[in-house]
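**Q** Got a structure for you, questions after.
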Amino acid sequence: MESSIMQGASILATGSAVPDLCVSNQTLSQIVDTSDDWIVTRTGIKERRLVAKDQSLVDLAALASTRALNKASISPLEIDLIILATSSPSDLFGSASKLQATISANNAIAFDLTAACSGFVLGIVTATQFIQNGSYKNILVVGADVLSRWTDWSDRSTCILFGDGAGAAILQACPRHENGILGFQLNTDGNKSDQLSIAYQEHFAKTSLHEILNIKQGFFQQITMNGKEVYKFAVSKVPASISKCLQSLNISSEQVNWLLLHQANERILNAVADRLSIPSSKLISNLEKYGNTSAASIPLALDEAIKEDKIKFNDLIVISGFGAGLTWGTVIIKWKC
Ligand code: COA
């Protein structure tokens, strides 16, 4: 890839934010027929954070972004582009522009990217194109979701899984030989879109106005999921994507320092690592504290791993996102900080 790029791209800094409200499995067992033991055994999740009534997706995204900007010691005015990966915007037209205004990144253009739990990987890959082709210098990629607003809290098979959060990464242009975003591999299978969705429902109450205009209107439903099928999809397709991406870069699985997967389920994380013969000691996981935070899960786990000083200069990190769409994909990074 390096020969065709005009400039390199690397992650300069990360930041993250989670709501204060912490809901344990014990608390959930008072709402639906479940138990701490069932949830921990089947998923590895112990607790999750949920946004308060007066908090918004943009509040969380702005906090994560400001933390990343502070760490990078760059002004919001230096950001050229903001990509907000989210499936739970505060506004159906998108929340990225609200984020731009909140953090005063007045010179940045901003747009939302909707790809559920693969959103952050697609955001990084998209940002990388803009940097490597010479268009932009500094890009803020944010993964943020508040799926608690779309969860059916009476459905024990889904409500135990999700939590809210935000994570941000600042990508910056660098000389070609210092390029840190080495390669990617992306996929979509729209035939399976109904396996995990927040579907639009037509509303059948017709007014004379709707009759005259011959249109329908409706609303979005809550999360529905075929857990078994999504599980099977993840443990087969994600290792295949990673293997393909590693092969394309001539990197062996032994050379990988860290495996950072979308934090969906501990069993999925372990199964993917097993299939790739990557030891579980190389898995980055914070699932037990936050559950599945959708587009936020990867940058949140990355930020925590950096704060814990796990990731070192020149470490190879394999990052894979997967989820609704169905979408899945891998990006391989050489850590340059
Ligand atoms: N507490 C207690 N029992 C529960 C339960 C809960 N929260 N949720 C489901 N059950 C019950 C089911 O009703 C079923 O009971 P039955 O055997 O009497 O019918 C039993 O547990 C087994 O259900 P099943 O759906 O087969 O469980 P599972 O082993 O497949 O685990 C998931 C369910 C959701 C944890 C698992 O399928 C999964 O993780 N899938 C992937 C989901 C995911 O990661 N989605 C996001 C991707 S981005």
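If you go along the chain as it appears here, the first residue is 1 and each next one adds 1.
Cβ atoms here come from the backbone N, Cα and C positions, even for glycine.
Note that the coordinates shown come from a computational prediction; the quantities given were computed from them, not determined experimentally.
Found this in TrEMBL, in case it helps:
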type: DOMAIN; residues: 111-190; note: domain 'Beta-ketoacyl-[acyl-carrier-protein] synthase III N-terminal'
type: ACT_SITE; residues: Cys117; note: active site
type: DOMAIN; residues: 246-335; note: domain 'Beta-ketoacyl-[acyl-carrier-protein] synthase III C-terminal'
type: ACT_SITE; residues: His262; note: active site
type: REGION; residues: 263-267; note: region 'ACP-binding'
type: ACT_SITE; residues: Asn292; note: active site
**Q** If you measure His262 (active site) to Cys117 (active site) at Cα, how many Å is it?
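**A** Spelling it out, the Cα of His262 (active site) and the Cα of Cys117 (active site) are 7 Å apart.
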**Q** Distance between Asn292 (active site) and Cys117 (active site) at the Cα atoms, whole Å?
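**A** Per the Cα atoms, Asn292 (active site) and Cys117 (active site) stand 9 Å apart.
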**Q** Work out the three-state DSSP category of Cys117 (active site).
**A** helix
**Q** Between 0 and 100, where does the mean pLDDT of the domain 'Beta-ketoacyl-[acyl-carrier-protein] synthase III N-terminal' (111-190) sit?
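**A** Averaged over the domain 'Beta-ketoacyl-[acyl-carrier-protein] synthase III N-terminal' (111-190), the predicted model reaches a pLDDT of 97.
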**Q** Sequence gap of 6 or more, C-beta under 8 Å: which same-chain residues meet both conditions with respect to Cys117 (active site)?
**A** His262, Ala264, Asn292, Ser294, Ala295, Ser297, Gly321, Phe322, Gly323, Ala324, Thr327
**Q** What count of other C-beta atoms do you get within 10 angstroms of the C-beta of Asn292 (active site), across all chains shown?
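**A** Its Cβ shell of radius 10 Å holds 24 other Cβ atoms.
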**Q** How does the domain 'Beta-ketoacyl-[acyl-carrier-protein] synthase III N-terminal' (111-190) divide up by DSSP, counting helix, then strand, then coil residues?
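**A** Taking each residue of the domain 'Beta-ketoacyl-[acyl-carrier-protein] synthase III N-terminal' (111-190) in turn, the totals are 28 helix, 32 strand, 20 coil.
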**Q** Using DSSP, what's the helix, strand and coil tally for the domain 'Beta-ketoacyl-[acyl-carrier-protein] synthase III C-terminal' (246-335)?
**A** 37 helix, 22 strand, 31 coil
